[in-house]
Amino acid sequence: MNLVHAGKRPLIRCQECDELFVVPDAPDKTTVKCARCGAVLYKRNTRSIANAFIFNLTALILLLLANSFPFLSMSIEGSVQTSKLISGALAVYRQGMWEVGLLVLLVMIVVPLAKILTNLYVLAPLHFGRRAPFAEQAARLVELISPWSMAEVFLLGVLVTCVKLADLGTIKVGVALFCFVAMIVAMAAGDAANEPREVWERLERSRPQPLPDPRERKRLLSCHVCHLVCRVDPHTEDESAFCPRCGATLHQRKPDSLNRTWALVIAAAILYIPANVYPVMTVVSFGKPFVNTILGGVQELISSGMWPLAVLVFFASITVPMLKLVGLIFLLISIHRRSRWRPADRTRLYRIIDAVGRWSMVDIFVLAITAALVQMGSIATIVPGVGAMAFASVVVLTIFAAMSFDPRLIWDAAGANRD
Amino acid sequence: MTEEKPAVSQDDLPQAAIVEKRRLPSIVWLIPLVAFLIGVWLVYKTYSEKGPTITIAFETASGLEVGKTRIKYRDVDLGLVDSVDLSKDLSRVVVTAEMRKEIADQLREGTTFWIVEPRLTASGVSGLGTLVSGTYIAMRPGPGKAARKFTGLTEPPVLTVDVPGSRYKLHASKVGSISAGSGIYYRGIQVGQVLGYSLDDDGRGVTFTAFIAAPHDKLVRDRSRFWNASGVDMSLTSSGVTVRTESLQSVLTGGIAFDTAREFSHTEQSPEGKGFPLYESFSQAEEAGFHLRRPFLIYFNGQSLSGLDVGAPVLFYGIKVGQVSDVRIMIDPKTGLIKVPVTVEMEPQRLNFTGAFSMTEAEMESLHWKYMKEWVHKGLRAQLQSGNLLTGQQVIALKFFPKAAPAELDTSGKIPVIPSEPSEFKELSTQASNFLAKLESLPLQELINDLRHTIQSTDRLINSKSVKDAVTSLKEVGPLLDSLKATSDTARKTLAKAETVMTDADRMVGEDSQLRYGLVQMIKELTDTSRAVRTLADTLQRHPEALIRGKEGSKK
Ligand SMILES: [Zn+2]
Ligand SMILES: [Zn+2]
């Protein structure tokens, strides 16, 4: 039906460098990338909604199963401690660190579940050729919470914990762990299949627009959520304008990006010190505490001969937060200095920082699972340390920092978007 | 879907129905289907394996943790505690537990549950393992109808698993050092345990429940005798110091021993539940074997009875044939005459009449009576003897005195009276006083005068030259010296003997005595145990990280 008039086609702006493109007529099963910075604009797949729906449905079944059966059980000298998926969060909560417990509960169970359910709510009617009420809001919610679904990081935490505790007792893997692994695979498949642009286009098609005059380009704002390119009248620019498709506020750039990012980065950098100095967990044995810092945890893995795992934990816990902080500071300074140096590479650096940040949560998960498994009364109890809270804050703050950073500013500063 | 109609009119032609092509669902749908089927199967499996839920009422919930505390029988997990709540009236703790399906049929009315935690009991420290593994609830299946509500025991039972054997009742006057868990020994081998004790209904004694494990329960016969084997049975009697212990274990934690006299060893096993008296010591149990007793009275006129205690033996040819059962002073209210009757109990069974096995007790008694009469007629008399010079204990000896004044067994009173003879010591003192009387009658003054006179004249004689010559020639002094030497040798031998006695006493608690060996061994074991516990505690205190990464030694 969609008649394409000559010279009038839907437009798309790159979310990372703000380059304006005409949506190409891409064939099925291809990826459309930004010609300037290399960011993925969208993927073209006619089966994307069907597949995403099916995989999300699978993930939902598996997540329910993973929550209802024993996850891990550990026997130390005849004392068997069986834990469920939720036990780690509860154990940390019971030890008096409810903030960390809540965070673990959110990123491990609540957010994945919410993401799957919302996805299904949007996808299922679309798959059957209908649309659910408030589907746009639901789709916006998915975009909002997706970065906080960290089930796969939790799985790495399980692996590290098992290796660490293997010497202490016998660890038995429960059926829920298998379900959990399968759920992560299904979720990853669902995420891979899901193409937000396809969803948005199904909800409401982007209208073809005439290729604008170069001077008018600034008036074509791209929605941060649904990526719809909207024309904003000059006189309304100072007031809030809303996306006609998803209802999100329209901005030229992420609001107050540099200041927000600076504030969050500095806060994270300050907390990074107590996160490494103070113990992440304390083993209280016969009333005597033995403190365990993040670096100490890596040392333990090395001294146990677990080199690959030590490298992995060192990377996730020490390098990644450091890289994020240093990288973001570097990007911020380069923008302030209006650097023209390799904007495409700097955009790529930002992409990496954004993607890798979540893996730092692994230490918090290790703490939670260990606390859930090692409960031996007066002989040994795991108590979360102050460092755990500081570290969790660093991870959360750096994720927020990366979210509030607008990579388009790199290109603005480099003078590439002077149209 | 609207189609643009062609310009040419074809209204008269019917419109063909357009049916959308029915597509089969994609193969990808297999994935959620499989996940769903696995889920259904898991849920079904879980519910089909779900065992019965039981409730157990306990006094306290000490150490019980929801979702962690297990229910075990013979160290096999049978269930898990689901919830711990207070009963409505707050008087008890109600534990809800989910049991394994296989055990459902074994949950009957008689099933007992108790909480296993570290405790110090008579038979040692138990449940130390639960320090590490945590408290658990132990279960022992029992008989009865199927049940789902139980009341937990406050104290763990002695027998935690079903062991074949028999239970007997033992009656004693007090509990003493015996407690639940004390061992029961047969010739030094532990064959059973005391399961518990209770005060008798009349409050006059206690009854122990003794459990003898099969096949040793066959050794319990109607004539078996049980005695308290707790501690060290050390007695200082007229026959010396006797030390008797059953085993080191029984010394420390109390114990009961039993035995059956050889002549009854062919008899059948006693029926389960039969009661036996529990004697306070081995010797009392031994005494109890001679249950025929015949009382006799003896008057020791004018002799001191100090050192003659109740229980002192009556010896016949140096062999015990009875014992003193009563010593008292009696004064006739009219005449003021003082009498000191000693009641002795003669035990006819100790006399071992030839062919006594086939004899009835009545026959044995009449025989004993007959001979006592005859022997007294022939001169049998009771005499006080010093049993132990050191302690001053006295015994009664029955001896024949052919020269004694004739007498008969006095059967006029309620209890027959055996005539007595003065003790040897008394005889001696009589002789001594006789001697002194003779000495007194001697004309001493005259003798002294004569002596002085003699000395004076001797002096004169010695000083005379002829005597001096005679003395020089006197050379037969040697034999006298020899005899002196012999005397001193005898004295030395006596000393040596005394030393041997002292050494014997020393050996009882000396380097190589068994008692001491046992004690040393026990102290060593205790030290080892405490050292092991301390090492564990030390390791954990200094290296609690061992819990995280294992001991140093377990590194690859
Ligand atoms: Zn771009
Ligand atoms: Zn929008």
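Keep in mind that glycine also has a Cβ here, set from the backbone N, Cα and C atoms.
As annotated by TrEMBL, transmembrane segment applies to A:53-76 (among others).
The transmembrane segment feature in TrEMBL is assigned to A:96-123 (among others).
Annotation source TrEMBL lists transmembrane segment at A:144-166 (among others).
For A:172-193 (among others), the entry in TrEMBL reads transmembrane segment.
If you look up TrEMBL, you'll see A:262-286 (among others) marked as transmembrane segment.
Same-chain residues lying 6 or more positions outside the transmembrane segment (A:306-335) and placing a CB less than 8 Å from one of its CB atoms are 156, 159-160, 163, 258, 261-262, 265, 268-269, 272, 275-276, 294-295, 297-298, 341, 346, 349-350, 352-353, 356-357, 359-360, 362-363, 366, 391, 394-395, 398, 401-402, 405, 409-410, 412-413. For A:306-335 (among others), the entry in TrEMBL reads transmembrane segment.
Marked as transmembrane segment by TrEMBL: A:356-376 (among others).
The transmembrane segment annotation in TrEMBL covers A:382-402 (among others).
Comparing A:53-76, A:96-123, A:144-166, A:356-376 for CB pairs under 8 angstroms to the transmembrane segment (A:172-193), the maximum falls on A:53-76. Within the chain carrying the transmembrane segment (A:356-376), a Cβ under 8 angstroms from the stretch's Cβ atoms is held by residues 72, 74, 76, 79, 81, 83, 87-92, 95, 100-101, 103-104, 107-108, 147, 150, 153-154, 156-158, 160-161, 164-165, 168, 171, 280-281, 283, 294, 297, 313, 316-317, 320-321, 323-324, 382-384, 388, 391-392, 394-395, 398-399, 402, all 6 or more beyond its ends. Here the transmembrane segment (A:53-76) has long-range neighbours at 82-87, 109, 112-113, 116-117, 119-120, 123-124, 126-127, 158, 162, 165, 168-177, 179-180, 182-183, 186-187, 189-190, 193-194, 369, 373-374, 376, meaning same-chain residues at least 6 beyond its ends whose C-beta is under 8 angstroms from one of its own.
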